[in-house]
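Undergrad: Just lifted these from Swiss-Prot, have a look:
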- 4-118: domain 'C2' (DOMAIN)
- Arg33, Asp34, Asp85, Asp87, Asp93: Ca(2+) 1 binding site (BINDING)
- Asp34, Asp39, Asp85, His86, Asp87: Ca(2+) 2 binding site (BINDING)
Amino acid sequence: MTTACPARTSSLMDDLLGLLRIRIKRGVNLAVRDISSSDPYVVVKMGKQKLKTRVINKDVNPEWNEDLTLSVTDSNLTVLLTVYDHDMFSKDDKMGDAEFEIKPYIEALRMQLDGLPSGTIVTTVKPSRRNCLAEESRVTWVDGKLVQDLVLRLRHVECGEVEAQLQWIDLPGSKGL
């Protein structure tokens, strides 16, 4: 005797808008937390998701060029980026953090942009007290894709910035934008 399949419950794909690829490019003038340098890495959190880059040893101007990909179910969520100094024998030291909204980027994605020339600036986000931008952030149409470049000024620390770039990945079968 076979049993009937239970009614399908909602899956992650039903709520998933798509994937947000955050390229952590580099750190600039990060704080010294060891004797003469730091061993920095970045942790990115959005909702319950948490991802991290590799550690770059003895460098306050590290180049990660590392992609961290988050699944997006809510465009109102903010992304928290925290830089840490890796320590071998003690707790890792915090080297500052920055927060940014993905909503302006998502809103630009929802526009019909096909046919725009590569390099077209679609929108800009200005630095303000409500965001951690060190300079104006441009959302640009590049080779058929929308990217947003960010220079984030770290908070709760004496100095340091992190350069990052956002890119969207559509997933077949997801709710989409």
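Cβ atoms here come from the backbone N, Cα and C positions, even for glycine.
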Undergrad: Under 8 Å Cβ to Cβ from Asp85 (Ca(2+) 1 binding site), same chain, six or more residues apart: give me those in sequence order, or none if nothing qualifies.
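TA: Non-local contacts for Asp85 (Ca(2+) 1 binding site): Ala31, Arg33, Asp34, Ser38, Asp39, Pro40, Asp92, Asp93, Lys94, Met95.
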Undergrad: Could you work out which of the binding-site residues (Asp39, Asp87) has its C-beta surrounded by the smallest number of other C-beta atoms within 10 A?
TA: Asp87
Undergrad: How does the domain 'C2' (4-118) divide up by DSSP, counting helix, then strand, then coil residues?
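TA: Its residues fall into 11 helix, 49 strand, 55 coil.
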Undergrad: Which whole-number mean pLDDT does the model give the domain 'C2' (4-118)?
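TA: Averaged over the domain 'C2' (4-118), per-residue pLDDT gives 90.
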